[in-house]
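Accompanying notes for the structure given below.
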Amino acid sequence: LTGVLDDCLCDIESIDDFNTFKIFPKIQKLQERDYFRYYKVNLKRPCPFWADDGHCSIKDCHVEPCPESKIPVGIKAGSSNKYSKAANNSKELEDCEQANKLGAVNSTLSNQSKEAFIDWARYDDSQDHFCELDDERSPDAQYVDLLLNPERYTGYKGPSAWRVWNSIYEENCFKPRSVYRPLNPLAPSRVFNLGSVCLFSWIGLCLEKRVFYKLISGLHASINLHLCANYLLEETWGKPCWGPNVKEFTRRFDPVETKGEGPRRLKNLYFLYLIELRALSKVAPYFERSVVDLYTGNGHEDAESKALLLDIFRDTKSFHMHFDEKSMFAGDKKGAKSLKEEFRLHFKNISRIMDCVGCDKCRLWGKLQTQGLGTALKILFSEKEIQSLPENSPSKGFQLTRQEIVALVNAFGR
């Protein structure tokens with residue numbers, strides 16, 4: 001894949017070089033930090049759009065929750081949490097016997113981290129979100145260690161998976177007519193359309209709506225690429241072998257196999273990268289303030305994490321071929337407000353569709369990456385609020401919850 005991206009003054013080779021040598025090594029290190037590796041998610045929320053057809057029974061999709069006795073007391077302690085030296089020096093809790101099975105979502109936590117979660121909640125302040133947020137107080141919400149639960153192919157496919165993606169694309173009424181979609185495997189020609197019926201063509205489609213479609217397509221491409229790159233190739237005597245599946249990659253992205261759509265899907269992935277990169281550069285002033293900490297309770301690690309994040313922000317600002325959102329979010333004040341609301345409602349519905357994913361591992365990463373992109377959009381629509389933030393007091397005009405911060409960094413890492 002080469003050349004210039006549409007709607008950007010940026011070429012693919014420049015993005016590759018910038019990411020490979022500057023961003024990727026640092027973002028990987030950041031994702032390993034305690035603040036960014038634990039994500040709280042409710043994988044039991046019912047699908048709001050159609051009757052649940054049951055979760056897939058594939059073992060690699062399965063979530064085995066930790067027994068109550070294994071849940072760290074700091075998470076259950078409510079407001080009584082105080083960070084202690086004993087917790088900081090203790091070894092990791094014994095892994096849940098079942099949760100560490102291949103492919104299962106492992107919600108085991110270390111003692112070092114367990115007492116920090118209540119304190120993290122003090123940064124969480126509900127805002128004008130682009131995503132349907134999980135209720136973190138729900139008894140079904142649990143912390144998941146993302147490093148122990150990598151995004152990879154679980155075997156989840158077929159009509160159930162197709163219905164989710166079809167609903168996402170139907171909810172997005174901003175797509176061109178020429179987009180090739182696979183034939184509906186659902187019987188008999190039943191289409192799940194959650195939005196109004198639209199006719200699609202790039203002709204007359206404004207930049208903003210082209211951007212929206214490309215972001216959804218880029219998110220889809222990102223997820224598919226990770227499934228192809230980390231695929232269960234074989235399993236002998238209970239020992240799985242994971243690795244790249246070139247045949248599957250070809251099926252999803254080859255121009256012949258996809259009627260010319262594959263390369264466009266990959267270009268949309270690069271476009272998604274640029275949008276989230278731009279959001280990181282725009283949100284830097286929020287984190288540069290001394291009042292904002294990446295709080296886990298371990299002062300030394302917290303300081304290192306913030307220093308690394310600020311270093312990444314400096315790199316994002318050094319990239320001179322950003323997507324120029326000024327051309328996108330321009331126009332009269334009333335029109336811009338209406339466009340933001342249209343974006344927000346479309347994207348919020350897409351985030352709700354993620355609760356219809358039957359595979360828990362896929363649902364976890366789908367929810368996280370959707371929330372990350374929604375956070376990026378929230379940032380790009382809030383430039384004035386970010387620029388006017390007070391230096392030494394909590395911000396009322398613009399606020400990010402810890403969940404949004406974790407999702408933004410990990411989605412960009414994907």
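Residue numbering: from 1, along the chain as shown.
Glycine is treated like the rest: Cβ placed from N, Cα and C.
Per TrEMBL, the feature active site, nucleophile maps to CYS359.
Residues or ranges marked as active site by TrEMBL: CYS362.
As annotated by TrEMBL, FAD binding site applies to ARG152, THR154, TRP165, SER217, HIS220, ARG252. The Cβ neighbour count for TRP165 (FAD binding site), using a 10 Å radius and every protein chain shown, is 17.
Annotated disulfide bond per TrEMBL: CYS56-CYS61 (among others), in sequence order.
For CYS359-CYS362 (among others), the entry in TrEMBL reads disulfide bond.
Each residue contributes its Cα atom, and for SER217 (FAD binding site) and CYS362 (active site) these two points are 17 Å apart. Among the binding-site residues TRP165, HIS220, ARG252, not one has its Cα within 10 Å of the Cα of CYS362 (active site). Other Cβ atoms within 10 Å of the Cβ of SER217 (FAD binding site) number 23 in total over all chains. For the pair formed by ARG252 (FAD binding site) and CYS359 (active site, nucleophile), distance between Cα atoms is given as 20 Å, rounded to the nearest Å. ARG152 (FAD binding site) and CYS359 (active site, nucleophile) are 12 Å apart (CA-CA, integer value). For the binding site of FAD, formed by ARG152, THR154, TRP165, SER217, HIS220, ARG252 according to the record, the largest Cα to Cα distance is 21 Å, rounded to a whole number.
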